[in-house]
Amino acid sequence: MKNSELETLINEKLNSASFSDYGPNGLQVEGRETVQKIVTGVTASQALLDEAVRLQADAVIVHHGYFWKNEAPIIRGMKRNRLKTLLANDINLYGWHLPLDAHPELGNNVQLAQLLGITVMGEIEELLPWGELSMPVPGLELASWIEARLGRRPLWSGDTGPDLVKRVAWCTGGGQGFIDNAARFGVDAFITGEVSEQTIHSAREQGLHFYAAGHHATERGGIRALSEWLTENTDLDVTFIDIPNPA
């Protein structure tokens, strides 16, 4: 498959044109024209690129790529090394950010819901779904369940939350800024990847359970699902590689 055809295929699947994002979605660094072997991962880190070189991949597809808005436009240090690896090995780099958060089938949010057994009921706003657990559970039990499913202990604040959690809102990655809207909507708990200092005060003062389950851990699902979709719908050789990250 041509690198431009792969870009078009995924753009159409993820409806990328409908998003105003923090960075470019699609082909970010051009490599060889023909793509057959692909490495995928959450972030285009040096470790992931080194694996792509080792596996002689033609392309790397990630959720967190390069060239973010307000990023310094200087190619030096870490950024230079990453781009040098791609260009020297003629590897294409693709990134899809918000389209891979929001997609109703492959997106990070829906994939996290499936992993945690949450039935999606609707959206409070764009990128902020809500749903229900199959049965009410204590807040500590939900924390243990999240740890079991993601392989990472979440930061949990629930001292003023209800005795049982049934209604849940969530946003993968750095979605802690949604907590107030989730609280106003009336959920019992809010799950995201990251936490800020003010997040805990919001949870305590508005009486809900809060879980910071890891930016990386909550966003493995989307790129893994996209990898599986490509394997099922094309003849491409796709390998998902999880580069551990405790954040």
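Backbone N, Cα and C atoms are what each Cβ position is placed from, and that goes for glycine too.
Heads up, TrEMBL stuff is auto-annotated, nobody curated it.
Taken from TrEMBL as is:
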type    : residues        : note
BINDING : H63, D101, E219 : divalent metal cation 1 binding site
BINDING : H64, H215       : divalent metal cation 2 binding site
Listed in sequence order, the residues of the same chain lying six or more positions from E219 (divalent metal cation 1 binding site) whose CB sits under 8 Å from its CB are V42, H63, D101, N108, T172, G173, G193
With an 8 Å cut-off on Cβ-Cβ distance and a minimum sequence separation of at least 6, pull the same-chain contacts of H215 (divalent metal cation 2 binding site), or say none. T172, G173, G174, G193, E194, N245, A247
Candidate with sparsest Cβ neighbourhood (10 Å radius) among H63, H64, the listed binding-site residues: H64
Using the centroid of the Cβ atoms of H63, D101, E219 as reference, list every other same-chain residue with Cβ within 8 Å of it (recorded divalent metal cation 1 site), in sequence order. V42, H64, H97, L100, G107, N108, T172, G173, G222, I223
What three-state class does DSSP give H64 (divalent metal cation 2 binding site)? strand
Check the DSSP secondary structure of E219 (divalent metal cation 1 binding site), expressed as helix, strand or coil. coil
